[in-house]
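Annotated features in TrEMBL:
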- A:Lys91: active site, charge relay system (ACT_SITE)
- A:Ser166: active site, charge relay system (ACT_SITE)
- A:Ser190: active site, acyl-ester intermediate (ACT_SITE)
- A:40-478: domain 'Amidase' (DOMAIN)
Amino acid sequence: MATTVRTAFVRNAPNTRLPLTSIAQFLSHINQERLSALNLIEAYHQHVQHAQAESNAYTSDLTVNIDAPQVQAMLDGLSQPRLMAVPFAVKDNFCVQENITSCASLMLQDFVPAYTATVVQRLLNAGALLVGKTNMDEFAMGSGSIDSWRGAVTNPWDTTRIAGGSSGGSAAAVASRSAIFALGSDTGGSVRNPASYCGLVGYKPSYGHVSRHGLIPLVNSTDVPAIFTHVVEDARTVYDVIAGPDAKDSTCLTTPPPPQRDSKLNKVKVGIPQELNVPEYQPYLGFWRSVAERLEEHGAEVVPVSLPHSEYANACYTVLCACDVASNMARYDGVEFGHRSTASDVSTNAMYAATRHEGFNEVVRGRILAGNFFLLKRSQQEYFLYAAKVRRLIVQDFTKVFDKEVDVLCMPVTFGVAPTLEEFKKLDNRTQQELQDLFTVAASLAGLPAISVPIAMEGHLPVGIQLVAPNRQDNFLLDVAQHVESLYKFHEKFSLGL
Amino acid sequence: MLKSFVLQMARRGFLASSMRETRRQKCSECFKEVYQWKNKDNRPTEHCEINVAEEAKRANLSLETIYHLENLSLVDFSSGAAIARLASAIRYADRLKDIDVSGVEPLFSLLENETLPLREDEITEGQQKEDVIRNAKVTFEDFYVAPPGNIALEQDKKYDSFLNNESPLNAGQQKELSSVELKKVRRQA
């Protein structure tokens, strides 16, 4: 297919010519060329090594595990699964049997799960090939992927800048074309944020639509396995493979979603949340207005809406996340699995404390302590329960707006393009998250499907726009996202020169 | 000779124009930018301890609570900066109190109105003892091994000087490992 590609950044790319950009392009390429399995696997290996050297995107290279005879059978046409030979990567908090799953932490540096996450297994069953586990913020706590025991992830578009977080490694892996799609986990914006910074589609399905079995949890009531791709069509394909009921995750809904709304642009009403549309932010958000105008030009009705409690969503999330973390991290004591300290064997408490001091970084320890503070008897009423009540108000805001006023919300993902590592480190992890999660966290708290679509370049860096749909309207959201994508054609116009 | 001495002193910032000899750097403990004399070990010294005490007071964080949290969490703060960060998290969460939540029920699960599926109590998989137990560092004959329990954690009172605002620690007497050094150690590991 003839595309105009404006090279934004030329690098020393590997010597192969695999178009690892969209599934359709890739499948047609391998159908035309007579490739051998060994050449293909070697090519994947080179791509992964390159991404690793450039961006520190991976924690482990799994191309060595790929079963060559199985791949050869696919290439010879003996089996034609839906995602045949498509290379993908997963964030290192998804368990993969017999492979180290570390959550980028010293605590789990040699932890080998006895089972594979459901979503990963479904992708493997569909013929896709897992090329590696990707780097991330330790235990998914952070918004820049710099707080990793394996070192920071850098943005393939500019390695002096962050890739976003906490699924930065997955984003870097796809953006640098070492994988066609990747899984991340989106708890407060952890996939949408790096997608915007790395020029990718970052799609977070509705809470309850995708199984979390095998995903090491951060906040059990907002975690969703989410998808990075170059084009919305691929996000839909991957979603179709991974979504659906799972006997091993009872929070994965078995009831079918409701009828989807009409997604033709001239029938869609787009809402612009006014509480976030404030003068202080304007210098960073010029593209928001231009997206709204372009949607209007193409027939959509664009109206301002009010989400009165959305400015408190971040504070609410801070409390609820810390509380869940305090509970979820309690399992790491060094006895049954994970790091075990040899500093002190005087008592269980002393050993646990030493293990947890050595195994967790400052960010994780800080959140555990904060969570336990919010859960103290004297603070529970005024922090934990209060935040849970505010969460209900936030959900009610969305319900009211979607029932009566609009079909989809349009807002930024981030304050513009990726900051430099230096700039990002000026604030500590928690304070930085106040800024980074501002636009993304409300949709997570309400469990709504949300997607980041890349639209433009500002200088040499990409930026995306966010769409949020009503609960369980995933297909509707993907349709609207595809319309927005076709208005901008980012993927065709801009690419890393690889 | 006197002239060169004076010039030397001027360069080292001992005269009125000595503001030029200060350096703007970031406190390695609490990340605030401070003006510091260009002293040879470059460590902001009294700055941080005083700040921590203020932050903790504003967030109503008492010394007792700090030690209690360390005991409950079985993790330690390990630096004044961490205490200041908790204080700032608490003050950020205090913003929620602007909202009136009277009559609102707390929301714990987004699936509260759904009926979640249950499955039959049938064994469908297992027999993975080896896979599971090999993750433990210390085992004995298929048992997990733990040190003796029911012994309270011994806590050294290392934050008393921070929060009681006694004479601040100076650079030479730092506690075990500051957060910055700890990060460096871990990166090298």
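Any Cβ shown, glycine's included, is placed from N, Cα and C.
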Quiz prompt | Local confidence of the prediction over the domain 'Amidase' (A:40-478), expressed as mean pLDDT | solution = 95
Quiz item: Long-range same-chain neighbours of A:Lys91 (active site, charge relay system), Cβ under 8 Å, sequence gap at least 6?
Solution: A:Lys133, A:Thr134, A:Met136, A:Ala140, A:Ser167, A:Gly169, A:Ser170, A:Ala182, A:Leu183, A:Gly184, A:Ser185
Exercise. Would you count the other C-beta atoms found within 10 angstroms of the C-beta of A:Ser190 (active site, acyl-ester intermediate) for me?
Key: 36
Quiz prompt | Helix, strand or coil at A:Ser166 (active site, charge relay system) [DSSP, three-state] | solution = coil
Exercise. Specify the secondary structure state of A:Ser190 (active site, acyl-ester intermediate) as given by DSSP, simplified to three classes.
Key: coil
Self-check item: Alpha-carbon spacing, A:Ser166 (active site, charge relay system) to A:Ser190 (active site, acyl-ester intermediate), which is rounded to whole Å
Solution: 5
